[in-house]
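Novice: Quick one: the structure is below, questions incoming.
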Amino acid sequence: MAKKLYSSSSIWRYIQPRYYIKRPKRLALLFLFCISLTWLFYDRQSLNREHQEDILRLKEEVTRLENTLQELKTNMKGSAETKSVQIDEKFSTFTKSTSIEEDSISIQRREKVKDAMLHAWTSYEKYAWGMDELKPETKIGVDSFGGLGATLVDSLDTLYIMGLDAQFNRAREWIAKSLYFNKNIEVSVFETTIRVLGGLLSAYDLSNDELFLEKARDLADKLLPAWNSPSGIPFNRINLAYGNANNPAWQAGNSILADSGSEQLEFIALSQRTKDPKYQQKAEKVIKEFQRDFPKDGLLPIYINPLTGTSSGTITFGAMGDSFYEYLLKAWILGNKTEAVKYYREMWETSMKGLESLIRKSTPSSFTYISEKLGNELFPKMDELACFVPGMVALGSSGYRPGEAAKFMSLAEELAWTCYNFYQSTPTKLAGENYFFRDEEDMTVGTSWNIQRPETIESLFYLWRLTGNKTYQDWGWDIFQAFENNSRTEAGYVGLRDVTTGEKDNMMQSFFLAETLKYLYLMFSPPSIISLDEWVFNTEAHPLKIVSRNDHHEGLKGDQEEKFPRHLHGRKEGRLDYK
């Protein structure tokens, strides 16, 4: 029997317990009871189907009640001879409580973010449907990632979480009919993994639609040859049709740390869902290789030779280093913090000791920042990409004992303040790509473009979730308004060529829809929506269900495995385009 598929509004649909309605009279009574409760407790909110998108404004209890009523009405229309109507008994996987009170400001802000998503998505549908990304100024699409519909796949879970059913279903139809991977194209393994593979897996976890899992497996099979190197360190690019893998010339034959150490979540999750260990084995072999000679400070240089496994170059939590450290923590969380994944946590805690050695204060205002290191010398430069660190540190702080946990949470909050000021210190209130901290100058913009990056918003989301401090929501709202004031155009959203002048570029990054807007939306949603107790986000903000790991039999304790993927210009590749 085919599995029943639910639209994105089914997030709000579940109610318990199971009822069996056998008589029209009983059905009518339940119908009237539902209407009465809604009228009495929720100020006569309309249940008209045309206003379903506004149902998010109601408390969760009345929302489930309304959707139950809608399901009953649908079943009534289906057949006059229907003997029973069954209402799904399970609660929504995204809600734990029906007693969460929402303030009107958060509701209004959430709806504004949803409006922004609709504007971005509608523009993509109109001008770049099926292509990787949209150029809003010229209203054309471009295939930045090999023509795999990057924006479409990257946006699936955002559409689902926001309850945009029609848009989600149109995207699913395109994937079913038009997304295939036996293409004679060369792609970034890292970017394809975090955006496309991660997007498909998240859509599967949210919807239980087997189509997404089938597509994810097909894609992963095309990517696996990238790990066929002598050391097991993967090459960064691969031809999907022929499996030929290589590293770009500018990398001088090396693979990138953030690429090679940032695909565990996706490949482990795929193995868990398909019961095929080969994907997990490929990814985790790399971490085992790193673990053998892991430095005492847990900090690895950004270049790794895939032939020998040796490393060189800068140490940074910014571009080309960042998400390696993020995935050490999140692989531990994805495995539900069991003994099988304890080594991830141990490696991460070692790296946090190294992080502390890079922390410095600016003068005269004492902004806390993360310096970069080359050899024995520290450089007072911090990328906006490194602004994921406050959220990561806050998320991992609970694994420490109370004293250490408080210390790391304090560090997270200090770094978040610095990152927020990356935005507030410019005329446009949008952050540049990186900043320098020279004596008596505090922070000054280095590379002046803004390509709609999500890292600061991501950290504010985590800090709000973990502390309940609404100041972080206010900071996130400030950044959203800056995007609205500077980046919104007639046909979507663009980045800025210069955050000091406000000159626009001509690209709507796929991660603006996948990450920036999703984290903003969740920042103004109840904490039970995509609960951090049940979900973990990959580095492209795709939520994956946490599944306990007890896999001593899966080849994770020895050396009988293989290799692992990478990423082109750091954590997330972004492009400026002015034409």
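Numbering starts at 1 and runs along the chain as it is shown here.
Glycine is no exception: its Cβ is also placed from the backbone N, Cα and C atoms.
According to TrEMBL:
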type     : residues      : note
ACT_SITE : Glu191        : active site, proton donor
ACT_SITE : Asp322        : active site
DISULFID : Cys387-Cys419 : disulfide bond
ACT_SITE : Glu433        : active site, proton donor
ACT_SITE : Glu455        : active site
BINDING  : Thr539        : Ca(2+) binding site
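A description of the local structural setting of each listed feature is requested, covering burial, neighbours and distances.
Specialist: Just so you know, the Cβ of Cys387 (disulfide bond) picks up 29 other Cβ atoms within 10 Å once every protein chain is counted.
Taking a C-beta cut-off of under 8 angstroms and a sequence separation of 6 or more, Glu433 (active site, proton donor) has the following same-chain neighbours: Asp383, Glu384, Gly446, Thr447, Ser448, Trp449, Asn450, Ile451.
For Glu455 (active site), the Cβ neighbour count at a 10 Å cut-off comes to 28, with all displayed protein chains included.
Every protein chain shown contributes to the tally, and the Cβ of Thr539 (Ca(2+) binding site) ends up with 29 other Cβ atoms within 10 Å.
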Novice: Would you list, in sequence order, the recorded positions among Glu191, Glu455, Thr539 whose CA lies within 10 Å of the CA of Cys387 (disulfide bond)?
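Specialist: Final answer, ordered: Glu455.
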Novice: List the recorded positions among Glu191, Asp322, Cys419 whose C-alpha is within 10 Å of the C-alpha of Glu455 (active site), in sequence order, or say none.
Specialist: Cys419
Novice: Spatially, and counting Cα to Cα, which of the recorded positions is closest to Asp322 (active site)? Options: Glu191, Cys419, Thr539.
Specialist: Thr539
Novice: Provide, as an integer number of angstrom, the distance between the C-alpha atoms of Glu191 (active site, proton donor) and Cys419 (disulfide bond).
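Specialist: Glu191 (active site, proton donor) to Cys419 (disulfide bond), Cα-Cα distance: 24 Å.
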Novice: If I restrict to non-local contacts, at least six residues apart, and a C-beta distance under 8 angstroms, what lies near Cys419 (disulfide bond) in its own chain?
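Specialist: In sequence order, Glu384, Cys387, Pro390, Ala431, Glu455, Thr456, Ser459 meet the Cβ cut-off.
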Novice: If you draw a 10 Å sphere around the Cβ of Asp322 (active site), how many other Cβ atoms fall inside it, taking every protein chain shown into account?
Specialist: 29
